[in-house]
Amino acid sequence: MAPSATASAIQLVPLTTDRAVVATHSAAAGAGSDHDEGAVHSASLAEREPSTPGDIETGTPSSASSPALPLAGVDALPLVDGGPRAWAFLAAATTIEFMVWGLPFSVGVLNAYWSESLFPGQPQTVALASTLPQGLLLFSGAVLAPLFTLLPWHEKRIQAVGMVIATVGLIASAFATKAWHLVVTFGCLYPFATALYFPCPIIVFEWFQARRGLASGVVFAGTGAGGAAFPYIVTSLLGRFGYRTTMLALGVAFISINSVALTLIKRRVPLAARVSSSTRRPRPRTDFSFLAGRAAWAAFAFITISNLGSFIPLLWMPSYATATHATRPDGTTLVAIMNGITAPGFLLNGHLSDRLPARIVICTSCLLATLSCLLLWGYGTSAGPLVAFAIVWGITAGSTSGIWSKMVTVINKSGDPSVPAWTIATFACLKGVGSLTSGPISNALLATGPLKGAGGAFGSTNYGSLFIYTAVTTFAGGLVAIAFPDK
């Protein structure tokens with residue numbers, strides 16, 4: 001069945017039909033070239049969560065001739081791949097990504113300010129405070145995936161709690177008087193924002209099918225847009241109002257904007273009414289058979305290896321620009337360009353993944369990123385090559401998360417609606433390995449000094465080993481991705 005036909009079948013399934021009819025439509029959807037996890041989710045919810053204790057007989061399938069049973073008290077599912085509700089969700093999810101990831105992805109600006117103005121002489125602690133948020137934001141998915149799966153009725157509450165704790169972290173960092181205070185506040189409290197954004201890329205699987213890659217690209221583009229805007233916002237606030245007022249303003253803006261966006265984050269497939277634990281049948285366990293396939297392990301290896309170096313350009317570009325006396329554009333502008341270009345990069349990668357095998361998109365991206373690192377950054381001591389590097393790196397290595405939804409679709413052959421949460425959480429954790437290790441590894445590489453006899457910035461600065469490490473990990477990730485199956 002073509003995607004459009006599948007979508008039509010799903011849209012016509014009323015939630016007042018009985019369980020057998022819902023299951024029939026979801027099975028028909030699953031027979032096509034791509035599963036509609038939203039339909040499967042509705043079927044599984046109908047079977048897992050009865051509206052009232054007496055509505056559905058535990059373990060007894062309904063017959064097609066039996067009276068219609070209400071599911072979640074809604075007449076029909078909203079349209080898939082479009083419609084006001086889908087676009088409202090997409091706009092809200094993108095806004096949350098913008099707010100949550102914008103600051104960590106422009107942390108190079110704060111890292112330079114902390115190192116040079118607030119806590120000079122403590123590079124290790126400041127580097128940890130700078131890289132810890134990205135790593136913990138990614139690693140936290142391992143805890144949140146089972147939490148959201150087991151407690152879907154409390155999804156909004158969990159998101160709100162994460163938002164409040166992250167806000168406290170931002171505000172508390174304004175009063176840091178020692179470098180380790182930043183590790184606790186910005187490094188450890190702010191990453192609770194994971195709870196706020198984590199459901200967003202998962203719910204995309206309910207609202208979009210034929211355009212799933214593009215929709216995921218739009219959501220992830222919020223990260224790039226935030227990364228482009230926040231360097232200027234932070235630099236402007238620091239110059240005009242000072243550090244404390246800057247962090248207080250960021251905290252207030254964070255909770256205000258995200259509170260509005262959170263009201264629009266809604267599922268396409270409503271959860272059935274909650275009943276007492278004594279009468280609700282147990283949830284079927286997640287089908288982890290996907291771990292037996294090649295696709296999952298190829299994806300895990302690609303994400304782990306390629307991200308060992310992916311955060312290094314963002315972290316060190318401001319300092320590198322200072323070392324090479326690049327002032328037009330300066331380091332802040334280069335970070336903004338690198339982050340900003342990921343917005344169209346996510347859209348492009350998502351769009352291409354809807355039409356091409358994921359491994360082709362990945363391998364091409366990694367090859368271009370590797371060449372840009374060695375040639376444009378490695379020999380870039382003037383404005384032209386550095387701007388070119390920022391653009392190429394941002395649209396390739398900086399945007400590979402836009403392919404995640406296609407990879408999850410290939411991995412989740414069973415159509416289990418809980419698999420996307422587990423796989424995306426695993427992807428995020430593996431990406432977090434790169435974030436957490438980039439600070440210590442890059443500091444150690446910088447300590448080796450310039451490469452004797454090498455040309456360009458390889459020999460004139462102590463960044464040469466950093467260029468090589470970043471290029472090797474990126475290229476190796478692309479080689480591993482060759483093993484990822486087409487479908």
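All positions are counted from 1 along the displayed chain.
The backbone N, Cα and C atoms fix where each Cβ goes, and this holds for glycine too.
Feature annotation from TrEMBL assigns region 'Disordered' to 27-67.
TrEMBL lists 87-114 (among others) with the feature transmembrane segment. With a threshold of 8 Å between CB atoms, the same-chain residues lying at least 6 positions outside the transmembrane segment (87-114) that come near it are 126-127, 129-131, 133-134, 137, 166, 179, 182, 186, 190, 193-194, 196-197, 200-201, 203-204, 207, 215, 218-227, 229-231, 234-235, 238, 243, 250, 253-254, 257-258, 261-266, 268, 314-319, 322, 331-332, 335-336, 339.
Proximity of distant same-chain residues to the transmembrane segment (134-153), defined by a Cβ-Cβ separation under 8 Å and at least 6 residues beyond the stretch ends, is recorded for 100-101, 104-105, 107, 187-188, 191-195, 198-199, 202, 271, 274, 283, 286, 311, 418, 421-422, 424-426, 428-429, 431-433, 435-436. Per TrEMBL, transmembrane segment is recorded for 134-153 (among others).
Annotation source TrEMBL lists transmembrane segment at 160-183 (among others). Outside the transmembrane segment (160-183), and at least 6 residues removed from its termini, the chain residues within Cβ reach (under 8 Å) are 100, 114, 118-119, 122, 125-126, 128-129, 132, 189-196, 243-248, 250-251, 254-255, 258-259, 262.
Summarising the annotation, TrEMBL assigns transmembrane segment to 189-208 (among others).
Annotation source TrEMBL lists transmembrane segment at 215-234 (among others).
The feature transmembrane segment is assigned by TrEMBL to 246-265 (among others).
According to TrEMBL, the feature transmembrane segment maps to 286-311 (among others). Beyond the ends of the transmembrane segment (286-311), by six or more residues, the same chain brings 131, 134, 149, 362, 366, 397-398, 400, 407, 410-414, 416, 418-419, 422-423, 426-427, 430-431, 433-435, 437-438, 441, 469-474, 476-478, 480-481, 483-485 to within a C-beta distance below 8 angstroms of the stretch.
Annotated transmembrane segment per TrEMBL: 331-348 (among others), in sequence order.
Per TrEMBL, transmembrane segment is recorded for 360-380 (among others).
The transmembrane segment annotation in TrEMBL covers 386-404 (among others). Outside the transmembrane segment (386-404), and at least 6 residues removed from its termini, the chain residues within Cβ reach (under 8 Å) are 201, 213, 216-217, 220-221, 223-224, 306, 310, 313-314, 317, 321, 326, 329, 334-335, 337-342, 344-350, 353, 358, 361-362, 365-366, 368-369, 372-373, 376-377, 380, 424, 427, 431, 474.
Annotation comment: TrEMBL describes 466-484 (among others) as transmembrane segment.
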